[in-house]
């Protein structure tokens, strides 16, 4: 794939790389949010034969199943294609799927179309955070990569208010076909941007294309090969590759095996981190908050859409917190307090919705408590944006060794989409059958994540991707303080000499 060098060198190129990744995640968010305002549209329901809650759940969630399949595609082709070609392939799937969705007139076509769009999103989400992680400095990585989920929030808000606004302009097919078609515009812009940004230097070094990799480092940092910063980064990457390849070239079947850099453990941690991103109940809010506000709170359709749109803005505002502060806060603490806050929000929603007339409470009390519960949809989205929304997307690619990064990231992101699919499938039934009790399920899952993070997940903030290898070599079970020890050794060894020394010891 030709690199057109549209953005020059140094700072402009770094900004172009970041903007490309952020645009891809705006598209991701738009795809996530656009159907929430469509499934209640009268023309859409008539076109697809007034689907019941089960079929509606399948139509919405098959997109997530497609995204899971896209992660499998990325697992097998990601290392062969590289980061840029994988992003391009993702956009092709999304464009084809969006065209088919826009022109759908029956359930089979909309199912196939959403599945194809999902494949593209799965490849995209497996590739973009990894690509950005490999092209940003360690002390900026948390903030820059966490800005991508922030822009998921931007995409969701755009989709929600587009759906809401066009519902006044048209009640016919335009009201749902035009919002779906807009995915194509986002995808075309991303394709153009990808043509102007470079391949990941770490991918190029892994493939033995050292001259190209060095040129990319020089372009990104606006330096020359003898620049100390560039020379050191090259040395760190090559040393890490030697360590990871001590027992020969890795195959996909070896990805869970125990080795010196604990590849298997790190892949499982990546899978678990994205599991936490989904099983806390986020897609009950993203996909179905208008439905929940109608059925559980008793609001009108228009008011549910409007409030649902404002609820999604809290996702954006919450995501601003890690975008500016994540490298100072670390990864572990925000995940723990965030999970606790999400559990409290779900508990309070459940408690306030439990004052139903069917259980003997007055209509006045039921209306007051149901209305009060809306506030905790807002707190849930803010806390999620500030914690479980952003951190998994940063943590997954940075925790994985280079030899397993593409495949391991695909496995980690596949967890997101698999459990996304499960939650979206069961949510209509949960809302209809369990009502207020449904929120208690997600209260329990969020509470369970607090000890899981505390005991199992090491801190990786401010370490280079190569130093994370050393962290796992030296961890010796001390999850809580492993990164602090690593930072102390790094500071006391003139910028990472201890890491290189340890590599040499292991190789011997």
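Glycine too: its Cβ is placed from the backbone N, Cα and C atoms.
The following features are taken from TrEMBL:
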TRANSMEM  12-30  transmembrane segment
DOMAIN    17-461  domain 'Major facilitator superfamily (MFS) profile'
TRANSMEM  58-77  transmembrane segment
TRANSMEM  89-107  transmembrane segment
TRANSMEM  113-132  transmembrane segment
TRANSMEM  144-162  transmembrane segment
TRANSMEM  174-197  transmembrane segment
TRANSMEM  267-290  transmembrane segment
TRANSMEM  302-325  transmembrane segment
TRANSMEM  337-355  transmembrane segment
TRANSMEM  375-396  transmembrane segment
TRANSMEM  408-431  transmembrane segment
TRANSMEM  437-457  transmembrane segment
REGION    484-508  region 'Disordered'
COMPBIAS  484-493  compositional bias 'Basic and acidic residues'
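Using a cut-off of 8 Å between Cβ atoms, the transmembrane segment (408-431) and the transmembrane segment (113-132) share at least three residue pairs, counting only pairs 6 or more apart in sequence.
Remark: the transmembrane segment (89-107) makes no contact with the transmembrane segment (437-457), by the rule of 3 or more CB pairs under 8 A. In summary, the transmembrane segment (267-290) does not lie against the transmembrane segment (113-132): fewer than three C-beta pairs, each 6 or more positions apart in sequence, are under 8 Å. Sequence-remote contacts of a segment are chain residues at least 6 beyond its ends whose Cβ falls under 8 Å from one of its Cβ atoms, and for the transmembrane segment (144-162) they are 18, 21-34, 36-37, 128-129, 132-133, 136, 179, 182, 286, 305, 308-309, 312-313, 315-316, 318-320, 322-323, 326, 385, 389-391, 393-394, 397-398.
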